[in-house]
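Working notes for the structure below.
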Amino acid sequence: MERRVKSVIVQKYGGTSVEAVSNIKGIARKVALEKAGGLDLVIVVSAMGDTTDELMKLADHITTRHHKRDLDMLLSTGEQVTVALLCMALREEGVTATGLTGWQAGISTTTDHGGASILSIDPERIQRELKMGNVVVVAGFQGITGKGDISTLGRGGSDTTAAALATRLGAERCEIYTDVEGVYTSDPRYVKKAVRISSLTYEEMILMARRGAGVLHPKAIEHAMTHNVPLVVRSSMSRVGGTWIHGAPGREVSHPVYGIVFDKGRFCYTLSGVPNRMEMKVIISSHLNSLDIEYDTLMEDREDTLSFLVAEADQELADPIFDSVGAIVRRERKATVTVVVRDENTYHVTLDTVRKILQEKGQAFHIIEDCTNHVTAVVEESHAIALTSLLHSAFGLDEVQTSEAAGVF
Ligand code: ADP
Ligand code: ASP
Ligand code: MG
């Protein structure tokens, strides 16, 4: 029998939360309870555990020169396994569930295989299933191109599927279930004194995610922000904690620095002996922009030096640009460590403090240009985690109490 769709909740369960069949059965029990409580639920799932990495390894056994369309065909299977298993587990709990691939869920994307963006979502099928009282389980990380080919959204892309669906369906909120209790001041896997942040604005979270906080994909936050859909990050193992990401969290007190994040996947091109720095900067920037490659430039001590920092994943695409500029180019893997500040007025003080601390450590570093709400230092990859912990202490984040975090953050 058809019934009116109430307010929808979209939930996403990441790879670690669906690692084993026992986890999937646990999620089915939880979803069954929530469904019985009267919620309309759309569940987005990732591939189980390390499945995506394992599939990549399989492909590498054949060739490392991947045909991107073939790779998407392969990688998209990981999520479909989880969809099928969760639907079976839900049925065992007495819940009728319909599993959908990306294309069945109406998710249309650009044609950039391996890093596609969602262009539009036709919600008709999902809405029909919800009206029939079914829980809808959607494969994350995938969609369909205009040509009818399977595409994937880039690593961590199931977050984007969930947020985009929540936005399109006008969901009340989008819940991201993962293996930590929320978003922390730093990656809790490496910085033991990291503190959970109870509430962040979309802009604050986008910044943290872009600078390396892998707990949430930046594109997911951008989707949620377009229609002001609140995101909540919480643990699939425990009921405590959680971080709300929304338009304007009411904060009583504000700590000037709210996160120290690192990103080990950067690649730096340094051009030396450049006669006209500004002209060269314009030429290279326009090439990078035309290929949609995001980049940063660095503050330099020397007039004839120019450095560009890109994501390691874009190196293959960027290499020919630097091959063609006729300058001496040094190429190095690097990492960034970023101090995110709440108030732009504290930028200069923060910059001075970061410089002083890194100099005292005898650390060779560069600072990224043109930032106002964060200070990013480019450092040796092997030092990134130690420096993140050091800055976490130096900026007083080790001392923030968890109870205080609710008020301070
Ligand atoms: P999932 O499989 O659920 O998508 P991810 O591995 O993509 O999980 O994201 C969760 C991981 O993100 C955590 O285990 C944690 O190590 C890492 N992480 C990085 N930065 C942060 C941060 N600032 N706060 C919380 N977790 C973070
Ligand atoms: N399975 C994909 C990955 O491992 C997508 C995701 O989990 O969000 O990156
Ligand atoms: Mg993830």
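Using N, Cα and C of the backbone, Cβ positions are placed for all residues, glycine too.
Whatever TrEMBL says is automated annotation, not expert-curated.
Residues annotated as ATP binding site in TrEMBL: Lys12, Tyr13, Gly14, Gly15, Thr178, Asp179, Tyr184, Arg189. For the recorded site, Tyr13 (ATP binding site), the DSSP three-state label reads strand.
Per TrEMBL, substrate binding site is recorded for Thr52, Glu79. Around Thr52 (substrate binding site), the same-chain residues six or more apart in sequence whose CB sits under 8 Å from its CB are Gly15, Ser46, Leu75, Gly78, Arg155, listed in sequence order.
Over the domain 'Aspartate/glutamate/uridylate kinase' (8-235) the predicted model carries a mean pLDDT of 97. Per TrEMBL, the feature domain 'Aspartate/glutamate/uridylate kinase' maps to 8-235.
On a Cα basis, Glu79 (substrate binding site) lies 27 Å away from Tyr184 (ATP binding site). The secondary structure of Tyr184 (ATP binding site), as reduced to three states from DSSP, is extended strand. The ATP site in the record is lined by Lys12, Tyr13, Gly14, Gly15, Thr178, Asp179, Tyr184, Arg189, and its two most distant CA atoms lie 21 Å apart. The least crowded of the binding-site residues Lys12, Arg189, judged by other CB atoms within 10 A of its own CB, is Arg189. Glu79 (substrate binding site) is 10 Å away from Gly14 (ATP binding site) when you measure Cα to Cα. Contact annotation for binding-site residues (Tyr13, Gly14, Gly15, Thr52, Tyr184, Arg189) versus ligand 3: Gly14, each with CB under 6 Å from a ligand atom.
Taking a Cβ distance under 6 Å to any atom of ligand 1 as the criterion, the binding-site residues Lys12, Tyr13, Thr52, Tyr184 reduce to Tyr184.
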